[in-house]
Amino acid sequence: MSAAVPPAVDPAVAEEMVREAAAWCALHGLVVGDRANPRSATVPGVGLVHAPFALLPALLPEPFWRQACELAPIFNEVVDRVSLDGKFLQDSLSKTRQVDDFTSRLLEIHRKMMEINKEENIRLGLHRSDYMLDSETSSLLQIELNTISASFSGLGPLVSELHRTLINQHGRLLSLEPKRVPGNAASSKFAEALARAWAEFNVDSAIVLMIVQPEERNMYDQYWITKHLKESHGVTTIRKTLSQVEAEGQVLPDGSLLVDGKKVAVVYYRAGYTPNDYPSEAEWSARLLIEQSSAVKCPSISYHLVGTKKIQQELAKPNVLERFLENKEDIAKLRKCFAGLWSLDDEGIIKTAIEKPELFVLKPQREGGGNNIYGLDLRETLTRLQKEGGDALAAYILMQRIFPKASHSYLVRGGICHEGLAISELGIYGAYLRNKDKVVINDQSGYLMRTKVSSSDEGGVAAGFAVLDSLYLTDK
């Protein structure tokens, strides 16, 4: 992200800061499950380590920060508008479904809902749009838009707090001011949106159902939301896997979803975004059951599909945004942040990508880190897919590779500080809530910075390549 030069830190001071920061993490719940402890992913409170973090915030010129924040409500509205056009979603993903079983199963559920004309009166989206600052063009470009299970809204705000604390203590040495780290209320804002959706549902005894993976080392990120929901709003959350919902769930004739005998107001997905979350038919059956119910879904099947890479690429085509938005200024703001995106039915772009693979990223229809293809692997994959022919290419999109400027960083993992060149990605959270025609919430809801060693291609923190970070705003 950086456009200015971050401060160099005296090694003795850095060592002291790492110890202080690691202790702060333990005291304030900036923690994840320890991979070395097999029980850490299933039993709360067992095998905790501090979440990987950057010792100092990433620098970002303030105009880019303001630009990213302004985009959040516009993207929220786009997701809602596109989700209402079932035919557009089905048509845009029709080729993808033939070669990608996961997308095909999601589309099947979506089609069933269209057939019964399923109304979603209360619509809740908790999104995160990810950006990088491209050094070649000096522009902020969107990497992707996450519409399901946008993670780190719980831990992200703690990193901002940690950095302000460290700057308060060591700021003079570092020539940094704590007020330049923007406030980050992502966890309380997401909890507030869930609580407002619960209130719109209007059944006092109902609960929020959080859909989780059977093993989740990032559970504390989720527990922060649960804590805010209970303490600030008096709303109870239960955690269930999709297979537990299949075993314990039922939809009553009036549409009510009951799980373990409790009426569900809001279903908040922190799982269900990857094929690994559906190891058997039981999970698909649970997903369909939830979709058939009157509970508020975060996200609904249509919101989930809007977040696919293929829809991102479709929206970047000429005249497509105009189908969903009237405001020309908003359309221009979105266009400005779109990177180059192409479907693989364009032979010219495939030829260019095979010749210059370093300028592109090949993306499958997948969320979570570890899926993108770069460099020589990209050339090899495209060549192979072309030979195979048929629709195999439809499972991917091509994206312009963004080249952020690397800057000197201190990344802390397992209490050890790694110094080196790193690049950062900015995620802006957005919350959107609508009941029939009334927009209840449409806000930017905090941020996430992730910083990774510049030789690592993938950005997912939970995938083990990156650390959590915050922002330090500079004048230019």
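Backbone N, Cα and C define each Cβ position, glycine as well.
Feature annotations, reproduced from TrEMBL:
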type    : residues                                                         : note
BINDING : Arg128, 148-151, 216-218, Gln222, 270-273, Arg450, 461-462       : substrate binding site
BINDING : Glu144, Asn146, Glu367                                           : Mg(2+) binding site
BINDING : Glu144, Lys309, 363-372, Tyr374, 399-402, Glu425, Lys452, Glu458 : ATP binding site
DOMAIN  : 206-306                                                          : domain 'Glutathione synthase substrate-binding'
Between Ser151 (substrate binding site) and Lys452 (ATP binding site): CA-CA distance (Å):
17
Please name the residue among the binding-site residues Pro364, Gly370 whose C-beta has the most neighbouring C-beta atoms within 10 angstroms.
Pro364
Cα-Cα separation of Asn146 (Mg(2+) binding site) and Arg128 (substrate binding site), in Å?
5
Whole-number Å only: compute the distance from the Cα of Ser149 (substrate binding site) to the Cα of Pro364 (ATP binding site).
18
To the nearest whole angstrom, what is the C-alpha distance linking Gln222 (substrate binding site) and Gly370 (ATP binding site)?
22
Same chain only, sequence gap of 6 or more: which residues have a CB within under 8 Å of the CB of Glu144 (Mg(2+) binding site)?
Ser129, Asp130, Gly307, Lys309, Gln312
Just how many other Cβ atoms lie inside 10 Å of the Cβ on Tyr374 (ATP binding site)?
15
Count the residues of the domain 'Glutathione synthase substrate-binding' (206-306) that DSSP assigns to helix (H, G, I), to strand (E, B) and to coil, and report the three numbers in that order.
43 helix, 26 strand, 32 coil
